[in-house]
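Down below is the structure, laid out as structure tokens.
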């Protein structure tokens with residue numbers, strides 16, 4: 001497809017030069033470009049195909065970047081990136097050195113707020129609106145938030161706060177793509193949306209209230225009648241109770257509805273009409289039939305041929321850790337009726353599809369509500385059940401107070417299965433599970449485990465489930481090393497590691513590795529070159545102090561390796577144990593550096609952090625001044 005109009009758009013100012021009649025042609029080109037780009041790089045697709053018209057209308061009506069536009073989560077911001085000067089960089093999407101898959105302030109002035117975690121946009125936009133007022137600047141702040149993100153309490157906290165400011169130029173756009181509310185279509189709905197957003201409606205409403213104010217009972221009756229009538233036209237008046245003027249729902253793919261409605265909304269906001277709430281209904285995967293039919297499959301695909309669609313992948317030779325968890329969850333649920341499974345809106349990503357099918361009465365999807373998920377699990381535990389919370393490491397950060405106050409303080413037996421621990425690749429720093437070891441091990445009563453392979457993951461999950469205290473098992477994205485997985489549900493001894501490789505008896509300095517989780521395999525690779533000992537520590541807390549002391553006694557140098565923040569992580573736990581025992585031993589701690597690691601190929605990112613086998617070996621030799629291995633050069637043959 002040619003992109004005659006799209007190629008002319010290098011900034012929203014170019015978009016605003018187009019005739020209104022050209023916008024639909026631009027939308028068709030933009031949607032095709034999104035599909036072409038994502039099919040070549042991988043990335044989020046369904047959500048971006050669904051926001052094409054909305055993105056065009058927002059940049060056409062609002063004076064971005066002076067008017068602030070905040071995308072909640074941000075995985076639906078590809079059309080926004082394309083229209084704001086990054087069209088040619090889409091080929092670098094989510095790659096090392098390329099553009100991010102989420103809004104990023106350092107990437108463009110049009111990315112006014114960095115997002116990736118859900119439900120933050122209204123708070124940020126409110127802060128921007130009040131910041132502009134404080135500075136005496138007249139602009140509109142717009143938050144675009146999805147219906148899924150509206151399940152989080154933070155969004156409603158922001159709405160509750162925003163409603164206090166009756167004349168604030170704040171706009172919230174609810175992008176309802178779940179189709180739970182079918183959009184009224186046609187001329188009547190378009191007319192109603194324009195009417196409810198226009199000055200005539202506002203002036204008439206205000207005038208009637210002024211007239212009827214002399215007769216309070218009549219005014220109260222009129223207000224109740226208006227609320228009842230409006231409640232019949234729109235799906236909810238809840239947002240008006242928060243102090244917003246609610247408009248919609250309108251068709252989010254109809255530019256002839258979107259543009260005039262947004263124009264009226266912007267005008268009202270700037271003229272003191274107060275916070276505005278626009279409800280638009282869109283369809284995930286819009287315009288690409290395969291994605292429309294299966295938006296979940298096309299939510300975040302890898303590279304594929306758009307003409308053929310996503311082909312079923314060949315069955316991998318090795319199971320992913322997510323699959324290992326899903327299998328264990330079903331097996332343990334069959335063995336113990338007390339088990340209940342909880343996910344904050346990540347059924348597929350966390351491997352709970354089969355569990356929901358087999359045990360629907362013991363499966364709870366609480367929505368994007370991590371705080372609630374943690375405390376909800378605590379409540380279940382109080383009744384004698386054994387909750388397992390399947391959650392990404394990065395998202396558990398959102399329920400940290402609940403983790404401490406509602407679970408650990410009461411020593412409730414909740415299992416946290418932490419998927420995506422460590423680096424996650426293309427999603428970048430916002431989704432990396434870099435901090436869980438550091439933020440979990442400092443909590444009293446908490447047990448923290450780090451499996452090094454598939455079978456150990458199953459064993460440690462069983463071990464966690466058998467405890468009478470809160471536990472966490474962290475495992476990485478993707479496949480393990482290919483260990484055979486036992487069918488039983490055997491645990492391992494609590495707080496005990498195991499030596500995977502013993503150093504040889506040859507002369508030289510002896511190095512002992514204390515490796516945690518995913519770093520056991522690269523440590524073994526480095527150990528072959530160094531002839532070092534490797535201990536698979538398994539537990540960060542309780543740490544196997546006896547094994548630490550033994551390695552310290554038998555080796556000249558110790559090296560800790562973890563795929564997590566080196567500050568406050570497992571290496572710090574080892575150093576604390578040595579200090580407590582009064583042992584003075586040279587220790588090198590290796591892990592993720594004190595910076596946010598960007599997006600890119602996971603193996604490449606580990607290499608950049610020095611956490612591949614070669615990088616670990618190099619760090620050990622440099623730190624302890626060990627000789628490089630001798631390389632024998634074959635004689636040249638004449």
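First residue shown is number 1, and so on along the chain.
Here the Cβ of each residue, glycine as well, is placed from N, Cα and C on the backbone.
Quick caveat, the model's predicted, so the values are computed rather than measured.
Per Swiss-Prot, the feature thiamine diphosphate binding site maps to 75, 116, 117, 118, 148, 149, 177, 288, 370; the stated evidence is sequence analysis. Classification of residue 75 (thiamine diphosphate binding site) by DSSP places it in coil, neither helical nor stranded. All protein chains shown were included, and the count of other CB atoms within 10 Å of the CB of residue 75 (thiamine diphosphate binding site) stands at 23.
Around residue 147 (Mg(2+) binding site), a 10 Å sphere centred on its CB holds 17 further CB atoms from the protein chains shown. As annotated by Swiss-Prot, Mg(2+) binding site applies to 147, 177.
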Fill in the CA-CA distance, residue 147 (Mg(2+) binding site) to residue 177 (thiamine diphosphate binding site), as an integer in Å. 7
If you measure every Cα to Cα pair among 75, 116, 117, 118, 148, 149, 177, 288, 370, the residues listed for thiamine diphosphate, what is the largest value in Å? 32
For residue 177 (thiamine diphosphate binding site), just count the other CB atoms lying within 10 A of its CB, please. 23
Counting Cβ atoms within 10 Å of each Cβ, the densest environment among the binding-site residues 117, 148, 370 belongs to 370
